[in-house]
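Data first, discussion second: the structure below is written as structure tokens.
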Amino acid sequence: MPREIITLQLGQCGNQIGFEFWKQLCAEHGISPEGIVEEFATEGTDRKDVFFYQADDEHYIPRAVLLDLEPRVIHSILNSSYAKLYNPENIYLSEHGGGAGNNWGRGFSQGEKIHEDIFDIIDREADGSDSLEGFVLCHSIAGGTGSGLGSYLLERLNDRYPKKLVQTYSVFPNQDEMSDVVVQPYNSLLTLKRLTQNADCVVVLDNTALNRIATDRLHIQNPSFSQINQLVSTIMSASTTTLRYPGYMNNDLIGLIASLIPTPRLHFLMTGYTPLTTDQSVASVRKTTVLDVMRRLLQPKNVMVSTGRDRQTNHCYIAILNIIQGEVDPTQVHKSLQRIRERKLANFIPWGPASIQVALSRKSPYLPSAHRVSGLMMANHTSISSLFESSCQQYDKLWKRGAFLEQFRKEDIFKDNFEEMHRSREVVQELIDEYHAATRPDYISWGTQEQ
């Protein structure tokens, strides 16, 4: 029984990565840009209906809702060769098209105004599913629409569909370069509060690390947005392969999430992928074995989140799930796991078992691949807290100077006071503290002392 997933794409970033994701899924399932199954796509072993549904004339339509407060990106999608793929009723552009002006408050209050229209679309999609498992939200936390409208939607989805899973692919801003959005630290922190309280699982896509990987590993001097988005769509499609090419394990979203998230608040995941090459010569000298792939996945340079060194805290893995695609002998997997444990290649939490799981998945038969084996690691690692710490530091700098607060005061939620900002700062601080506590053996009783 397929458990359907509805994808919500928000704002410029969310719609751009969503667009790449659907392009990738179409290629993997042998679906043309118009949604028609290609003649060569005869293998019936994949499950298309988790992410697509079939219209009356048999062509496939993504279970996707495209939302934006300004038209530029969605118009570019509608002028692309994939324009006919989407259901036009599932596209929502705000009437006045002014956008959220990179302001979380404006994005949030726009959400309140257009709430009815958006949920008409979402409810209709949900009613069209046989057994909806949950929602996947693509957005960035730095701008206005992805952060503000995204936060509003996360809160409402929890109220409206309390039993459905909500997973997000959240793009974190690049810390290495100056941002063109001056209020980004405010936007990020306000969104982080909702990601902590209203999402079941957050896959963190860190622009700093994605840029580093594109430059170091793919040898692209100044990576463009679309090149970074291709990296992201690789991660998104690989993390959903077990849902689309089901095996006997991890073939639904809860199965994926349950193995990675033992305690509810620590649900921010980092990803790693290998082999990442655009260089054909590397393919000819490297033999990709399961052990090779699994060992490379544990190397920091392949991980798509940049975390600083922390001398005070001995950061560790809470859980790892490796999704290995390709020609794989299961006995090899067992040997590789043993080797990783014997050599202590990964440092695990002191209060629970070393949870490293492997899901084997078929590759799409329709896409040529330069590598026999490729792997995606989804990991719950305590060092992700350093990303939240740098968000807090940037926020504190602005807050201390009272910078740019005027822009927020215009919105209803901040009209009388900035209580919402203080509360968000507290929630993120509690999250950081809990990640630090998870590195210690007494974490099991953590939190009971404070109540």
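First residue shown is number 1, and so on along the chain.
Keep in mind that glycine also has a Cβ here, set from the backbone N, Cα and C atoms.
According to Swiss-Prot, the feature phosphoserine maps to Ser131, an assignment based on experimental evidence. Look at Swiss-Prot and you will find Ala142, Gly143, Gly144, Thr145, Gly146, Ser147, Gly148 tagged as GTP binding site.
Structure coloured by features recorded in Swiss-Prot.
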{"residue": "Ser131", "record": "phosphoserine", "CB count, 10 Å": "9"}
{"residue": "Ala142", "record": "GTP binding site", "CB count, 10 Å": "28"}
{"residue": "Gly143", "record": "GTP binding site", "CB count, 10 Å": "32"}
{"residue": "Gly144", "record": "GTP binding site", "CB count, 10 Å": "27"}
{"residue": "Thr145", "record": "GTP binding site", "CB count, 10 Å": "31"}
{"residue": "Gly146", "record": "GTP binding site", "CB count, 10 Å": "30"}
{"residue": "Ser147", "record": "GTP binding site", "CB count, 10 Å": "36"}
{"residue": "Gly148", "record": "GTP binding site", "CB count, 10 Å": "32"}
Separation of alpha carbons, Ser131 (phosphoserine) and Thr145 (GTP binding site) (Å): 29
Other same-chain residues whose Cβ falls within 8 Å of the Cβ centroid of Ala142, Gly143, Gly144, Thr145, Gly146, Ser147, Gly148, the recorded GTP site, in sequence order: Leu10, Gly11, Ala100, Asn102, Trp104, Gly107, His139, Ser140, Ile141, Leu149, Gly150, Asn187, Thr191
Integer Cα-Cα distance in angstrom, Ala142 (GTP binding site) to Ser131 (phosphoserine): 33
Distance [Cα-Cα, Å, rounded] between Gly143 (GTP binding site) and the residue listed as 'phosphoserine': 33
Rounded Cα separation (Å) that holds between Gly146 (GTP binding site) and Ser131 (phosphoserine): 27
Three-state secondary structure, which DSSP defines for Ala142 (GTP binding site): coil
